[in-house]
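Trainee: I am attaching a structure below and will ask some questions about it afterwards.
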Amino acid sequence: MSRVRADLLVRAELVLPEPAAAPIRDGAVAVRGGTIAAVGPWAEVSARHEGARLLDRKSGGLVFPGLVNAHTHAPMTLFRGLADDLPLKAWLEDHIFPAEARLTRELVALGTELACAEMIRCGTTGFVDMYLFEEEVARVVDRVGMRAWLGEGVFDFPTPAFPSGRAALAETERLAAAWGGHPRITITVDPHTPYTCAPELMEAARDLAGRLDLAMVTHLAETRWEVEEITRRHGKTPAAYLDALGLLGERLLAAHCVALTPEDIRLLAERDVRVAHCPESNLKLASGIAPVPELLAAGVIVTLGTDGAASNNDLDLLSEMDTAAKLPKGLHRDPTLVSATEALAMATTQAARALHRPDLGRLAPGAAADLVVVDLDQAHLRPCYHPASQLVYAARSGDVRDVVVAGRLLMEDRHLVTIDETDILARVDRAARELGLGPA
């Protein structure tokens, strides 16, 4: 049998190609040129490939597709713990917006570095980000090696980054030209919310996304207050209002979607809108609980996000999966709702569908080589009957041992390869003191 070259061979006790797939015992993944060349039993994969670097995790290694955080604000790690135990409107207007007024490009880059370090340690290989000075986020992502979908936040009012929403849209167009074709970075069009963007600005965002063939990201129906405010202004629920403006469609990833009516759910399903569920942030801000079982039953693609570290207060998708699976069970007193397999799919295969990336969220020949290794040799992870269940209900971020994105090791044996974590932590503490926002 002729052998082909590979760049990396990952051997593991268990390989889980997809959330619902049968695990492969003593399995392997062969990586070549940033994509997966083969997945299967170690004996077969190793016999067909040569010249590869070996990552040997036969004892205790569980390999699975990289997780995608479908909604976050990465630089807001700098505001972690700044303002807790508040409703969304007061949290934003009284604390976060004033803190953001002090932001600089350098601080955004620093917050993103911290976020990337945290996310990699949690097994996250890609994230969808809406924030300010988003080109700084892109530069960090490019250097660190993660995958990201990035959009400059568009508001009616001035931000520290741009004097107007139109200027932010112009920046979005510039970013799309500058970063178009990047293998790991995709630019999106990100009008902030229905209540912070006038109808004309929403329509301009829609037109830009259509002209450049870009995805859109927005916050939608996050709170009852938003529903009441949009209904007062426009006589429609936020979902119906955006539909009237022509924004609902497969191009749109709508974050939160907590305060939905049955008609809203039908509308989102009919228009093929994708939803980013952020359960822990919504719980902490007392915004409510998204009707995930109803969305899934209607056929809506539901993904999983952490929201920003200022409202969560972490970026741990393993924890988020656990919460997403348990919430509907307790709320509806039905243990069959949102199984472990479904929760893992939200952060992998469903995220790939939502982002129009069939090469992500699975381990298969031709797919992107984005994968994670969890160390099962922990007291809380043995025995392992069902890998998906173990990942959702028992695994912790500290169990993540290795992370690979596009075939490149970003973390090996719990050591961050592309990030100087010690330096970042020191600079973050110094920045927090200089910002003077709290006792730090």
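Glycine is treated like the rest: Cβ placed from N, Cα and C.
The domain 'Aminodeoxyfutalosine deaminase/Imidazolonepropionase-like composite' feature in TrEMBL is assigned to 27-49. Taken from TrEMBL, the feature domain 'Amidohydrolase-related' covers 62-409. What TrEMBL lists as Zn(2+) binding site is HIS71, HIS73, HIS219, ASP307. Here TrEMBL flags GLU100, HIS192, GLU222, ASP307 as substrate binding site.
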Trainee: Do any residues, 6 or more residues outside the domain 'Aminodeoxyfutalosine deaminase/Imidazolonepropionase-like composite' (27-49), come within under 8 Å Cβ-to-Cβ of it, and if so which ones?
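Mentor: Same-chain contacts beyond the flanks: 1, 3-12, 14-15, 17, 58, 63, 183, 359, 363-369, 371, 404, 406-408.
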Trainee: Among all protein chains shown, how many Cβ atoms are found within 10 Å of the Cβ of HIS71 (Zn(2+) binding site), not counting that one?
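Mentor: Cβ-Cβ neighbours of HIS71 (Zn(2+) binding site) within 10 Å number 25.
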Trainee: Work through the binding-site residues one by one (GLU100, GLU222) and point out the residue whose CB has the fewest other CB atoms within 10 angstroms.
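Mentor: Candidates: the binding-site residues GLU100, GLU222. Fewest Cβ atoms within 10 Å: GLU100.
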Trainee: Round to a whole number and give the Cα-to-Cα distance in Å for the pair GLU100 (substrate binding site) and ASP307 (Zn(2+) binding site).
Mentor: 16
Trainee: Going by DSSP, how much of the domain 'Aminodeoxyfutalosine deaminase/Imidazolonepropionase-like composite' (27-49) is helix, how much is strand and how much is coil, in residues?
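Mentor: Tallying H, G and I as helix, E and B as strand, the rest coil: 7 helix, 14 strand, 2 coil.
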Trainee: Which binding-site residues from the set HIS71, HIS73, HIS219, ASP307 come within 10 angstroms of HIS192 (substrate binding site), judged by C-alpha positions?
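Mentor: HIS219, listed in sequence order.
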Trainee: Hey, of the binding-site residues listed (HIS73, HIS192), which one tops the CB count within 10 A?
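Mentor: Of the binding-site residues HIS73, HIS192, the highest Cβ count within 10 Å belongs to HIS73.
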Trainee: Enumerate the residues of the same chain, HIS71, HIS73, HIS219, ASP307 excluded, that satisfy the criterion Cβ within 8 A of the mean position of the Cβ atoms of the recorded Zn(2+) site; list them in sequence order.
Mentor: THR72, MET130, ALA255, HIS256, ALA276, CYS278, SER281, GLY305, GLY308
Trainee: Looking at the domain 'Aminodeoxyfutalosine deaminase/Imidazolonepropionase-like composite' (27-49) alone, can you tell me the average pLDDT?
Mentor: 97
Trainee: With every protein chain in view, what's the tally of Cβ atoms within 10 Å of the Cβ of HIS219 (Zn(2+) binding site), excluding that atom itself?
Mentor: 26
Trainee: Can you grab the distance from HIS71 (Zn(2+) binding site) over to GLU222 (substrate binding site)? Cα atoms, rounded to a whole Å.
Mentor: 13
Trainee: With an 8 Å cut-off on Cβ-Cβ distance and a minimum sequence separation of at least 6, pull the same-chain contacts of ASP307 (Zn(2+) binding site), or say none.
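Mentor: Listed in sequence order: HIS71, THR72, HIS73, ALA255, CYS278, GLU280, SER281, ASN282.
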